[in-house]
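Some notes on the structure that comes next.
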Amino acid sequence: MSVRVRIAPSPTGNLHIGTARTAIFNWLFARRHGGKFILRIEDTDVERSRVEYTENIQSGLTWLGINWDEGPFFQSQRLDLYRAAIQKLLAQGLAYRCYCTPEELEQMRDGQKASNQAPRYDNRHRNLTREQQEAFAAAGRQPVIRLKIDELREIVWQDLVRGEVTWKGSDLGGDMVIARTPEKEGEEFGQPLYNLAVVVDDLDMAITHVIRGEDHIANTAKQILLYEGLGAKIPEFAHTPLILNQAGRKLSKRDGVTSIDDFKQMGFVPEAMANYMALLGWTQPDSTQEIFSLAEAAANFSLERVNKAGAKFDISKLDWINSQYLHQMPAEKLVDLLIPYWEEAGYHSDDRLWLIQLTQLIAPSLTRLQDAGPESRLLFGESVTYSEEARDLLKQEGVQEMMQGVREAIAAWPNLTETEAKKIIDQITKTQKVKKGLVMRSLRAGLMGELHGPDLIQSWLLLNQKGLDLIRLQQALTL
RNA sequence: GCCCCCAUCGUCUAGUGGCCUAGGACACAUCCCUUUCACGGAUGCGACGGGGAUUCGACUUCCCCUGGGGGUACCA
């Protein structure tokens, strides 16, 4: 049977990094086995679901390079399916109506907690007579639907990353709610609940492997019971470790930057993001290989090599991976990614060739795309702000003569090349009888206003193309 | 509280009984390269949570403890 997996996010927020990583694992698994990867939007929580989040999830996945073969499917459009399943369960006597009010349930749990017992539903309405049910209904109460859970049952499954996992029926918290109270008059029951909808959908979509975060591990036991109730074949399960924050807790929205959007805006490229997320909890058969594309990962992916323990999110490693991608990216491609950041910083040029050269110059010093602004600052604009150290150097004995000499030499060469630039520096070195290093440093100070920065010759050539070198040296001479 | 899961350098990890004097990567430090800053290269720093058991031999198997995490909804 061919592999079918899915990612089933709920649109209650922007695409979260944890969801994205689960999506990547699923996608990798599907690609590895020549299967299908399906996108399903779990929007049964009408209160919290929003369309813009649905869009954000899709654009985020696409940005990362995760494409889906089927979907997106929306649970909100599949309510009939769930309704039928609930009815079937009801008809078979596997589920029943519970008329408890939220207040009653709360009171019950409080009592349990007070006597140090695990809070759970005590199945009090499991065996209500027809008369009792009618009495509740007559009193205006609306029922939820609960699935009967056999307290004596042992639920066991072979988890593809964790091995055998066992759960007792009695630890499931009592008969579980599978449908809310009806919202409209005359309805038999209301919206289906997560566990029910998931099972019905996974069944309907013929999902073979459920790969999801470890936080779903307790749901698996409940869902297995649902599969059985519906007389269906149970899929394979694989529970992946969670992505943790610095404190070692499950990464949540409250931890600040956790949505894919955030990382995109911070200047991370999708290839690096995907690479890092895949690396977080999974290793190549050759574990020393850390920089790889999704396609390369797909060729080698296996759940066996997924780690069991949670992994702390480490931004500095992400930074390093991102820098690797930025450094090896062709300038012709990188320049397009950089332009928006230059524009944002207020640096503009229509000269694409010049921008490509600039890109080549600063690429090695980029960690994130947003570094392009600060790293290029000295190359844009006519006037220069001289740093303290640069001023001091420029005021040193003989330095003004050097600058003057360079100015004159520049004027003699209409289109400066690297060879010529070097020749000019050598010439000044000779005529002024100083060390070459001093000429270089002084020239940097005069041209850039600072003592540190990208390669001097290349920077100079870029300025020269715009005639900025003459203007700046002029300014340096007035200090 | 109860249930489940997990446990190797600060972080991500390799390791499936002897190949381990525990390997790699990030971070950090030093050095080299270099006009500077980066990049790149080299070196260093640095871990098997504790206790039992099995075994000729445990990072690797089992048990207990400890620690951490997840779950415990008419959320997903």
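The backbone N, Cα and C atoms fix where each Cβ goes, glycine too.
Per TrEMBL, the listed range annotated as motif ''HIGH' region' is A:9-19 (candidates: A:9-19, A:42-52, A:427-437). In TrEMBL, the motif ''KMSKS' region' annotation falls on A:250-254 of the listed ranges A:120-124, A:125-129, A:250-254. Sequence-remote contacts of a segment are chain residues at least 6 beyond its ends whose Cβ falls under 8 Å from one of its Cβ atoms, and for the motif ''KMSKS' region' (A:250-254) they are 13, 16-18, 215, 242-244, 310, 313. In the motif ''KMSKS' region' (A:250-254), the DSSP tally of helix, strand and coil residues is 2 helix, 1 strand, 2 coil.
The Cβ of A:Lys253 (ATP binding site) lies under 8 Å from the Cβ of A:Gly13, A:His16, A:Ser259, each on the same chain and at least six residues away in sequence. On the 0 to 100 pLDDT scale, the domain 'Glutamyl/glutaminyl-tRNA synthetase class Ib catalytic' (A:3-320) averages 95 in this prediction.
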